[in-house]
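Novice: Sharing a structure here in structure tokens format.
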Amino acid sequence: MVKKRGKNLPAQDSLDAEPVCKHLRKALDEGSVKKALVNVEWTVCQECQADNKEKNNSDDELVEDPSVWLCLKCGHRGCGRNSASQHALNHYNTPRSEPHCLVLSVDMWSAWCYLCDNEVPYNRSSRLGQLVDYLQRKAKAKSKSTDSAALDEEVKAEIVAENEVKIEDQEEKPKGQAKWDKASSTQNNSTEPTVKGLSNLGNTCFFNAVMQNLSQTPAVRELLNEAKTLKKPVTVPLPDSSSPTNVEVHLEQQPGPLTLAMWQFLTEMQETKKGVVTPKEVFSQVCKKAIRFKGYQQQDSQELLRYLLDGMRGEEIQRVSLAMSKSLQNTLDEEEIKKIVKDSEKRRTIPNFVDHLFGGELTSTIMCEECHTVSLVHEPFLDLSLPVLDDVIVKKNSQKSSAPAPERKEEEENDDGYIKERDEASPGASKHLQKKAKKAAKKQAKNQRRQLKMQGKTVLLTDVAKQECSEDEEEIAPNNTESEANTRPDDEVPIADGLNTMKSDLSALENGSETIESAMERVTEDTDLDTSGHNTESVEMNAMELVRNMENNNNNNTDVNKTLERTEGSGVDSMEATAAVDNGNADTVCVDDTEAANGLLDCSAASMDNELTNSLNRLKLSSDIEPTQVEIEILPDQQQPHTQIYEVINEDPKTAFSTLSERKDLPLDGYSVLSCLYQFTHKETLTGNNKLLCNVCTRKQASRLNNSNKGEKTFVYTNAKKQMLVSDPSPILTLHLKRFQQNGFNLRKINRHIKFPEVLDLAPFCTSKCKNIPAGESRLLYSLYGVIEHSGSMRSGHYTAFVKLRRPNQQLCEMVLKGVIPEVSGSEPGQGSWYHISDSHVQAVSLSRVLSSQAYLLFYERML
């Protein structure tokens, strides 16, 4: 009995049946390409090579090596459109009977169709994928042979040159002077910057690109050398409540395994004479911190960078905390020591080299338009994730209601990313696939109904939230204070997501669809939300306000999921709210959600609701209280949280949103990093569902109601203005361009070129009271020294690095190590040469080639 061929075909065959590019069949000729690439130089444009031979260029003239594109019809090798000659584009424009529109970049291994003017994912076509695999194998084999030959010649030349120098020195100088010069030259050579390739351990290009940029950050090596020094005195500021203000500890323990592996890697990159380094030890330590990187799968460079920095940060904080406990054990009790160490970790007063180099601070300013009360929310960051807007998204959203289904499918094919509905079945799919798609659609609808049902049940908490916890009344009542203002989160990532999840878990428990253990596990996980490098909202100080804003947390699902995943192996965020006004008295309310969780696990199911409600009620402050200093702290079950400071200030509303320099003259032309920063820091208006819960206006209305003998209290929501600016710039500024976007089940990558400058002025995006800036300075300049580029699509791609080889910035190192800020900032970037590194392949490039790359991560260092 013969089986039907189409019945058990895999899902990938349905993708191959409909290639992205409709010109693929006529524009691809495997035989001609293989014949044309016999005994030729792959990485050189054949027309430029012929022109150079005719012109006989001199050796002192620097000729740029542009990117080479291979015609997949005839095997022609031409330079790209970013070069001066554009031989590949001219080859396509030459009239022929058959199109030569399909080309392949031999540097990035990405296919492009000139007719479609779009990238072609070669993994969706068996013919194109097999040809690209064949070319990659041939290119690797050829590069290994040429690299080994070139390496032998370089080694021989170095040996001859060293022997000649030794002979001349021995003849001209005395013996003692020659020995001293030899030792000093060896030391100078070890600190001289170098560029080396990295071995690909198996789909680890995302890791290699990050390590290349970190290896060209000289301050990292200086800080690691200092951290490796044992018995080094470290001064740790203690909380204000303790008797001593500072404590000096001596670090007698070695740094953690990840920190040591990083130090060994940077030392090998700087001192080894090998052309290629294998970063196996560092990668294995990262995999131990975050098991998601195991298995040699394609990963994200920005996530790898965050896991790496957070891992080293957590190890250093743990080492300093142990030294603190040991130094205080002779003067304080064990319980007091634990409290001090825990409070220091929560307030982020424990010094560590990661925060010193990459850490900065953002300030979100919120002003009520009714009473003009100004509140500030301070939060730290390690990198800035900038939104990348694309006109394709706006166009598709505007045409969703009017365009029919066939036109939508045509738009998806012409788009520059991969977009596919998860519940969509192809027209030629089998009955099994169609049935599977229907089940997925039903499951999605069921989940949506359950979410709506859960949101409806959480409204019941508003009545419970009005009651005061007895413990909090005893602690707050003596001072009769009240917090000034609360904010409702807008459509960005909210810091109250963990508390919203607690209320959702309570509704699930009422419905009987979830156990206590699973609910509390998700509560402790969701409250550990990492807010570094992402937009976060102000601290929620009222349980009723949190309940009413659960429906506003659905827009940035990708960032929330991404951030939650980062909490597996690193320190996580906590919130510290501080309201400072005229009265100097202070009260503190501490809520430990992990301790509450442990207590709830011991309770029965009947007492679960009451305990969880009490934990939520602790966030609601008494309405009888005058404004003083109030602190709300949620202590996570992690080593080192990121801290947020909420304060209400008396400031002139006219200067509340002032910046370090004017924003009017910014060149916001097209798609650029300046446009992304402007969008990230633009002033918003909180209206509608995002209105501000202002306690000042609420207190005024409550006083009027009391005069009219109406006992029921109502909360006042007002329109407000909000702006997020940089208040403490980091020495190393890392910018993450969010090219990968997810809207529901739609996945896409924005392949559009984003302009980025060599010198970036961050002053228009900083507050007027920015820290660590000389007095009277109106500029904050950063110099570009590293770029991570991603080429490819959502489903497959390749990460490469551009690094600037330069001498270390001594002023920046002194600022990071000693905290010395020079009075005058630098105005010109340091001299250096740029290199493009793709795993083990290193190539010198020009600055124009760097600025034309498709950047995903940008590394800037402060100019001092």
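All positions are counted from 1 along the displayed chain.
A Cβ is built for glycine as well, from the same backbone N, Cα and C atoms used for every other residue.
According to Swiss-Prot, the record shows the following:
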type	residues	note
ACT_SITE	Cys205	active site, nucleophile
ACT_SITE	His798	active site, proton acceptor
BINDING	Cys21, His23, Cys113, Cys116	Zn(2+) 1 binding site
BINDING	Cys45, Cys48, Cys79, His87	Zn(2+) 2 binding site
COMPBIAS	162-182	compositional bias 'Basic and acidic residues'
COMPBIAS	183-193	compositional bias 'Polar residues'
COMPBIAS	406-425	compositional bias 'Basic and acidic residues'
ZN_FING	19-139	zinc finger
Novice: Between Cys48 (Zn(2+) 2 binding site) and Cys113 (Zn(2+) 1 binding site), how far is it from one CA atom to the other, in Å?
Specialist: 22
Novice: Measuring Cα to Cα, how many angstrom lie between Cys79 (Zn(2+) 2 binding site) and His798 (active site, proton acceptor)?
Specialist: 20
Novice: What are the DSSP helix, strand and coil residue counts for the zinc finger (19-139)?
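Specialist: Counting residues per DSSP class in the zinc finger (19-139), I get 45 helix, 17 strand, 59 coil.
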Novice: Between the Cα atoms of Cys45 (Zn(2+) 2 binding site) and Cys113 (Zn(2+) 1 binding site), find the distance and write it as a whole number of Å.
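Specialist: Rounded to a whole number, the Cα-Cα distance is 19 Å.
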Novice: I'd like to know which of these binding-site residues, Cys45, Cys48, Cys116, is least surrounded, judged by other CB atoms within 10 A.
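Specialist: Among the binding-site residues Cys45, Cys48, Cys116, the lowest count of other Cβ atoms within 10 Å belongs to Cys116.
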Novice: If you compare CA-to-CA distances from Cys113 (Zn(2+) 1 binding site) to each of the recorded positions His87, Cys205, His798, which comes out shortest?
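Specialist: When the Cα distances are compared, His87 comes out closest.
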Novice: Taking the Cβ of Cys21 (Zn(2+) 1 binding site) as reference, which residues of that chain separated by at least 6 in sequence fall under 8 Å from it?
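Specialist: Those within reach of Cys21 (Zn(2+) 1 binding site), by Cβ under 8 Å and sequence separation of 6 or more, are Ala27, Leu102, Cys113, Cys116, Asn118, Val120.
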Novice: My understanding is the cutoff is Cβ-Cβ under 8 Å with a sequence separation of 6 or more in the same chain; which residues meet that for His87 (Zn(2+) 2 binding site)?
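Specialist: The list for His87 (Zn(2+) 2 binding site) reads Cys45, Glu47, Cys48, Gly78, Cys79, given in order along the sequence.
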Novice: Which one of these recorded positions, His23, His798, has the sparsest Cβ neighbourhood, judged by other Cβ atoms within 10 angstroms?
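Specialist: Among the recorded positions His23, His798, the sparsest Cβ neighbourhood within 10 Å belongs to His23.
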Novice: Can you name the residues of this chain that are 6 or more positions from the residue listed as 'active site, nucleophile' yet have a C-beta less than 8 Å from its C-beta?
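Specialist: Correct list: His798, Tyr799, Thr800, Ser838, Asp839.
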